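Q: I'd like to ask some things about the structure below.
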Amino acid sequence: MLTTRPRGTNDILPGEVEKWQYLEELVRQVCREYGYGEIRTPLFEHTELFARGVGETTDIVEKEMYTFTDRGHRSLTLRPEGTAATVRAYVENKLYALPQPIKLFYIGPMFRYDRPQAGRYRQFHQFGVEVFGSDSPAIDAEVIAMAMDIYSRVGLQDLELHLNSVGCPDCRPVLREQLRQYFRPQLANLCPNCQGRFEKNPLRILDCKNEKCQVIGRQAPTPLDALCDPCAAHFEQVKSYLDAAGVKYVLNNRLVRGLDYYTRTAFEIMARDIGAQSSVGGGGRYNGLIEECGGPPTPGIGFALGLERILLTAANQGIDFPVNIRPAVFIATVGREVDKQAFELLQQLRRQGIAAEKDYLNRSLKAQMKYAGKLEARLVVILGDEEAARGVVVIRDMQAGTQQEVALGETVAYIKARTAS
Ligand code: HAM
């Protein structure tokens, strides 16, 4: 136990972490362009927030939360997603008093007690955005276009954007009743999960993965059939804004998503090549959630994408991120006397913004050169007693295999010029 990490978690080591940093910088850049400000909320919240916000009948709340009691006997939960906490922060910090809409983004770990497999973890990372205070279909389109922009800048291909509208508190009760009527004669043949959903949330039966449920549900009424006029009009507008922006989508009238807060627009982005866990992101509108969480009636919409799944898809598609962790310079020494001089030079280089490294294990010159090769240093500065006495160093270009002497006092300027290119 001492030497194994908890199931469903990952160590992200140097070599891999640079890909994360690249991806994080890419999404931050997109957020700057789209005008979204970063929010950082706690990793844990009062359990009640998720029970209310995410929904009592969701898989997340029913079986996937990391809930614990703290020493003050409060029930707390590690956040399973970012929307509820962002809504809580919007209400608590009275962001509704500022000019609307408020456009926020977050990046960070989320926790779900899920069954781990490739692309599905118990601690995973989401990048997400939330927009509060606008019911405009143009915002739905902006949020969706932003998500698609990110995937395309990563270089991902063959993604499918599935789009649906799940209606509102006016039209959904009608749909629920239609669904119950449709499924009632077959209730005994549905999977145990869906038998539970039948009363609590029959919409979820539509996206059950169980083959039998899928066959039974083939002719079932869908959200799009039951939309009220305002929801239908909103959906038409969302589609026309997406068309205007050239964002391609697939209408999927069975898409209901696994969180209870959605109203109207719901969407999910699927990758074809990461196996069962094909959803690389999803989101939708949640016009009732802010009020549900104690705020003034305020429309909201957002999405989140799984960073692990993006990296996995990128790896499967052979996408290389431009990451560079090679030191520009390695300083090799011959003889102990020059070690302090080497250290001084090392620090001078670093202060000039040049990534530099030296040996800390008293290796022989040969072993130092080998180590510099392993580190993939571009240049190696060789500092020996004899050279030190003459006031010079030898600088070796590792790729070209050439070397030349440079005056010790000129070394930093020389390296700066060489590494600038
Ligand atoms: P979600 O569909 O539950 O939505 O999660 C969004 C994305 O997080 C998924 O598409 C997937 O890429 C990633 N993800 C979810 N669970 C895991 C897991 N166990 N391991 C790895 N990746 C995972 C939400 O969380 C909503 N809060 C999105 C949203 C924001 N809706 C409106 N605003």
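Placed from the backbone N, Cα and C atoms, the Cβ positions cover glycine too.
What TrEMBL records for this protein is below:
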- 7-322: domain 'Aminoacyl-transfer RNA synthetases class-II family profile' (DOMAIN)
- Glu81, Gly82, Thr83, Arg112, Gln126, Glu130, Arg257, Tyr261, Tyr262: L-histidine binding site (BINDING)
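Each of the listed features needs to be described in terms of its position in the shown structure.
A: Around the Cβ of Arg257 (L-histidine binding site), the number of neighbouring Cβ atoms within 10 Å comes to 21.
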Q: Once the chains shown are all counted, how many other Cβ atoms turn up within 10 Å of the Cβ of Thr83 (L-histidine binding site)?
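A: A count of 27.
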Q: Of Thr83, Gln126, Tyr262, which binding-site residues come close to ligand 1, meaning Cβ under 6 Å from one of its atoms?
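A: Once distances to ligand 1 are taken from each Cβ, Thr83, Gln126 fall under 6 Å.
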Q: Inside 10 Å of the Cβ of Gln126 (L-histidine binding site), count up the other Cβ atoms and send me the figure.
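A: Result for Gln126 (L-histidine binding site): 21 other Cβ atoms within 10 Å.
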Q: Note down the number of other Cβ atoms within 10 Å of the Cβ of Glu81 (L-histidine binding site), including every protein chain shown.
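A: Looking across every protein chain shown, the total is 20.
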Q: What is the pLDDT of the domain 'Aminoacyl-transfer RNA synthetases class-II family profile' (7-322) when averaged and given as a whole number?
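A: Over the domain 'Aminoacyl-transfer RNA synthetases class-II family profile' (7-322), the predicted model scores a mean pLDDT of 95.
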Q: List, in sequence order, the same-chain residues at least six positions removed whose CB sits under 8 Å from that of Tyr262 (L-histidine binding site)?
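A: Set apart from Tyr262 (L-histidine binding site) by at least 6 residues yet with Cβ under 8 Å, we have Val166, Val256, Gly284, Arg285, Tyr286.
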